[in-house]
Amino acid sequence: MTETIDPDLIERGRKTFAGDWHFIWASPSIETLPPMDGLEVAFAGRSNVGKSSLINALTGRNALARTSHTPGRTQELIFFDGPPGAGLRLVDMPGYGYAAASKAKVASWTSLIHKFLQGRATLARVYVLIDGRHGLKDVDLDILKTLDKAAVSYQIVLTKADQVKAAELAERVDATRTALAKHPAAFPELLTTSSRTGAGMPELRAAMIRLLDERR
């Protein structure tokens with residue numbers, strides 16, 4: 001499911017994410033964003049798609065990003081820095097598509113996300129997490145259109161791959177690739193992951209190292 005990646009990138013990704021990753025900032029509004037520093041990659045997705053679990057699995061720190069069984073709990077942009085010299089920062093974005101949230105709250109989150117996407121020069125890529133059990137939903141497609149409009153590079157990451165039969169996952173990957181052909185800002189490579197088993201994490205880490213190389 002996941003593309004073959006240069007072993008050197010895999011190893012460099014392993015070393016980078018084996019270092020000390022830590023929380024540095026929480027921004028409830030665009031006015032409270034931290035100073036731009038290094039390269040930023042953000043994680044977006046529907047509420048309870050597994051963003052926090054994926055960040056924890058990436059960094060090997062079970063409690064780095066707070067996980068919650070309450071959809072829509074993350075209402076801020078959460079920033080994490082890596083070890084000295086990593087040059088990489090992770091951003092956990094508010095979950096979207098939570099039907100029980102008030103209209104005012106949804107409007108506030110939407111405004112924050114849009115402003116962040118359009119005005120952050122250090123933002124290199126957004127990883128859009130899609131639940132591998134369900135595939136793309138209308139609300140996901142809306143976010144992809146927003147990213148296209150903002151001209152922000154993004155890449156699809158299918159989560160919870162361990163909870164889907166192989167044949168179903170293959171169908172989900174094919175359907176997602178077909179849908180992405182209509183989106184100009186989408187990075188063509190699709191990743192499949194499992195935070196529980198660690199599947200796909202080496203490839204995702206390597207993808208970020210490749211981004212760092214491209215920006216240097």
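Our numbering is plain: 1 for the first residue shown, then up by one each step along the chain.
Note: Cβ is positioned from N, Cα and C throughout, glycine not excepted.
Lifted from Swiss-Prot, the feature list:
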type	residues	note
DOMAIN	37-214	domain 'EngB-type G'
BINDING	45-52, 72-76, 92-95, 159-162, 193-195	GTP binding site
BINDING	Ser52, Thr74	Mg(2+) binding site
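In this structure, the CA atom of Ser52 (Mg(2+) binding site) is 10 Å away from the CA atom of Gly45 (GTP binding site). Every protein chain considered, the tally of other Cβ atoms within 10 Å of the Cβ of Thr193 (GTP binding site) stands at 28. Contacts of Lys160 (GTP binding site) defined by a Cβ separation under 8 A and a same-chain sequence distance of 6+ are given as Gly50, Asp131, Gly132, Arg133, Ser194, Ser195, Arg196, in order along the sequence. For the recorded site, Gly45 (GTP binding site), the DSSP three-state label reads strand. In this view, the densest Cβ surroundings among the binding-site residues Asn48, Ser52 belong to Ser52, judged by other Cβ atoms lying within 10 Å. A mean pLDDT of 89 is what the model gives for the domain 'EngB-type G' (37-214). Reduced to three states, the DSSP call for Thr193 (GTP binding site) is coil.
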